[in-house]
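Database features (TrEMBL):
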| type | residues | note |
| --- | --- | --- |
| DOMAIN | 23-124 | domain 'Flagellar motor switch protein FliG N-terminal' |
| DOMAIN | 133-206 | domain 'Flagellar motor switch protein FliG middle' |
| DOMAIN | 236-342 | domain 'Flagellar motor switch protein FliG C-terminal' |
Amino acid sequence: MDASRTWSSAAVQRPGSLPFERLTGPQKVAILMVLFGEDEAAALLRLLPPREVQELGAAMVDLSGVDHDTVEKVLDEFLDHIRQQTDVGIGTDAYTHNVVTKALGADRAQSVLSRITAQDAQRPIELLDWMDPATVVRLIEDEHPQIVALVIAALEPDLAAKVLNGLPEDQQSDIVRRISELRDIQPAALEELERVLHTKLKANTTLRASQIGGIKSAARIINYAKQDDEQRILRSIRKDDRDLVREIEENMFVFENLVKSDDRALQTLLREVPDERLVLALKGADEAVVERLLSCVSARAAAGVREDMEAMGPVRLSEVQTAQREITARARKLADEGRIVLAGRGGDELV
């Protein structure tokens, strides 16, 4: 049930409707229950004692209509109360976004969210997580490359890859190099980042010192880029620092990561892998990897692969690694074509 449409039909301003200042506690809760929708409201009511259920039911009946401004005031008050409970571990950012969007719909929620998050975000970077990649690019594209690298390194990998791709191509390899070289961030750098975001987001925020960036961060971001973009960036970095590229590649999506993908993705992949290459790749793999991949083929095919592995005898480790890289590259190509979704790489989830 779409709670925003429910409210739009129910919250039509009518003569005699109550202003925010005159709403009682139960009436405010009743408004929130309407916003949550029937299923969620019913689930919450089941947790309340009979007397409170009766009070809420009466409050819902008594509401003669509430306009959207009043709804926003009720939400603001509710969210202020939630933010005061953060010391018991409530994750308010995601919760705030979900509640407000569900209540008002994506368009109207944006104005509420911008007001709430701009005032209360504890980390400037967290506010960027709500923005689309193009907006983040516009926000940072004119900044010093080190500031750009610091911002991108702190984003979620899928968003970071899209932001990186939105920057000029001749800057992307430099940004990835800078991300890979980040270690413990100095206070001066954090202060500069805070100053930039404070100016552009008009928010009074502070950024706690944290360890972001590094080889693994750069590798995760590259994992979410399309393969053509990845190869272009790595080629550019390799011209100046082959060792750095090797370290990045060692932390990127590897053969062992395949076990995290679902059966459908692995079945599609294995249908395109020659039997002899699969046998060789599995020859040097952990038993858990062997079992996971062979669970996606028929019992007869799995038995045949194991027999071939035993009959193969000793092989060079370099040959095994080459076969594994071939299969991993094929998997990534299938993911780039949209035919499969690999856990740990970018792309839309399958539902």
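Cβ coordinates come from backbone N, Cα and C, glycine included.
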Report the DSSP secondary-structure composition of the domain 'Flagellar motor switch protein FliG C-terminal' (236-342) as helix, strand and coil residue counts. 77 helix, 0 strand, 30 coil
Would you mind giving the whole-number mean pLDDT across the domain 'Flagellar motor switch protein FliG N-terminal' (23-124)? 65
